[in-house]
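Report on one structure; see the data block that follows.
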Amino acid sequence: MDEYKVGTENTTQVESQSSKKKAPLNKYALACALLASTNSILLGYDIGVMSGAVLFIKDNLKISSSQVEILVGSLNVCSLIGSFASGKTSDMIGRRYTIILAAATFLVGALLMGLAPSYPFLMAGRVVAGIGVGYSLMIAPVYTAEVSPAMTRGLLTSLPEVFINVGILLGYIFNYALAGLPDHINWRLMLGIAAVPAIGIGIGVLQMPESPRWLVMKGRIEEAKRVLRKTSENDDEANLRLEEIIKAASLVGQSPSDSTGSIPSKWKGQGVWKELLMPSRPLRRILVAAVGINFFMQASGNDAVVYYTPSVFNAAGIHNRKGLVGVTIVMGIAKTSFCIVSALFLDNFGRRPMLLLGTTGMAVSLAGLGLGSMYLHNSHHKPLWAIALCVVAVCADVSFFSIGLGPITWVYSSEIFPIRLRAQGSSLAVSVNRLVSGVVAMTFLTISKKITFAGMFFVLCGIMVLATIFFYFFLPETKGKSLEEIWEIFEDKKDKTPSQADKEMTAR
């Protein structure tokens, strides 16, 4: 880990001053982060509402368990398209308009699902909504990271995960509220009602400013300066942040064209994939960290556990449908509460401690869930203590996910890439996230039937043990550093050219 410690002393004046006292939360930056993160409610709502809606869809449309898996997992697989395209799109049209595009795409998908007369029509809606989700998952954390001051970036960039959990909880609540309606109506309302917030989100995002880092890369320095003044505590801090961003832009081939410090505006993200596919040593470490954390986030099985919680509890002995949905509300409250707690303490304790706590807790919780499920599977009677163990273990599993992997994956992925590679690098990492999520969601029930739910939970427990080891060795701490400084954490001294070393000495 010594190789990751290089550059820790090269902090800016602003960071040094901020570290001595707790940085106040900038209200304008908070407002920007909240608006950008509201898009994530749509994904969370779909995850939560689909867990209950599939019970009624299966009966109403007479579909098989395999079709249910495809229906549930298709949104995640199709979100791969959106997340893969979002990096290039946001480099071309900007972060703000990409967020609007995400909301508009999900709106169309929600309407198609709500009006679906048949299974193929419903699948078409899932495909469109999935593309919108893919755009949203990449762009909200990237935009928030680029707007946020370094000392509160952890809190603000974890807001998308908070909103995903709020959306999941809302999905559970609407499941419970609409479950009493006829089967041919309730699931259509559950899915179609997501179109309402999508409209409001699209309108609200129009009030947001563009990312100052994207503006600098497009040569729009004065606009970037205005945004930084609003998201900084004073003009001195804004100017220092601007100088740092311009320096980072110049180091990736965007050098000032005149004495005013303006930057050529022809950049549209070209050449990025060449660098990502043939990375330097520091960039290779960044890719391993970003792809690794996104892989383990979904390999943890959290999304599948949330989607199929009613099936898990049904196997545990809870057969009443309203009772099943009611238990998921309790789980949703726990998940959302711990995500908020994690967001509030992330900038104080750091990324690594919270992440390691979360994955360790998930491993223990999944082991407990596996033991409870194994006892219930092998028992003719369903003792209350075993059912209670499964309910508590599921709630603990999703709570520890919300402490660690849930929010920190988005924070870490959006902050470790250098400015020129951030959007498309994050899009690559999120694409892996979506692919693994889709595979897990579309195979969870099938594998569970082969090895039982207990066996599946023991497998997930083992994956979390591996994740803890991976995070310990490959993810350095980024707390309190500006986006432009983080690159240095992944550098060896021998990776730096003489000119870079000279620049650092001058800066010091």
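From the backbone N, Cα and C atoms, a Cβ is placed for every residue, glycine too.
Annotations in TrEMBL come from automatic prediction, not curation.
Pulled from TrEMBL, these are the features on record:
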DOMAIN    32-479  domain 'Major facilitator superfamily (MFS) profile'
TRANSMEM  28-57  transmembrane segment
TRANSMEM  63-85  transmembrane segment
TRANSMEM  97-115  transmembrane segment
TRANSMEM  121-143  transmembrane segment
TRANSMEM  155-177  transmembrane segment
TRANSMEM  189-208  transmembrane segment
TRANSMEM  286-308  transmembrane segment
TRANSMEM  323-346  transmembrane segment
TRANSMEM  353-372  transmembrane segment
TRANSMEM  384-413  transmembrane segment
TRANSMEM  425-447  transmembrane segment
TRANSMEM  453-475  transmembrane segment
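The recorded stretches the transmembrane segment (384-413) and the transmembrane segment (286-308) share 3+ CB pairs below 8 A when only pairs 6 or more apart in sequence are counted, and are therefore in contact. Distant neighbours of the transmembrane segment (63-85): 46, 50, 54, 57, 102, 105, 119, 122-123, 126-138, 303, 307-308, 427-428, 430-431, 433-435, 437-446; these residues of the same chain sit at least 6 beyond its ends, with a Cβ under 8 Å from one of its Cβ atoms. Most Cβ pairs under 8 Å with the transmembrane segment (28-57) belong to 121-143, among the candidate stretches 97-115, 121-143, 286-308, 323-346.
At the 8 Å Cβ cutoff, the transmembrane segment (121-143) and the transmembrane segment (323-346) share fewer than 3 close pairs (sequence separation 6 or more) and do not count as touching.
With pairs at least 6 apart in sequence, the transmembrane segment (189-208) and the transmembrane segment (323-346) have fewer than 3 Cβ pairs within the 8 Å limit; the two do not touch.
Here the transmembrane segment (97-115) has long-range neighbours at 36, 39, 42, 82, 86, 89-90, 121-122, 124-133, 135-136, 139-140, 143, 188-189, 191-195, 198-199, 201-202, 205-206, 208, meaning same-chain residues at least 6 beyond its ends whose C-beta is under 8 angstroms from one of its own. In the predicted structure, the domain 'Major facilitator superfamily (MFS) profile' (32-479) carries a mean pLDDT of 85. Under 8 Å from some Cβ of the transmembrane segment (189-208) lie the Cβ atoms of residues 32, 35-36, 38-39, 41-42, 45-46, 49-50, 52-53, 96, 99-100, 103-104, 106-107, 110-111, 113-116, 125, 129, 171, 174-175, 178, 181, all in the same chain and six or more residues away from its ends.
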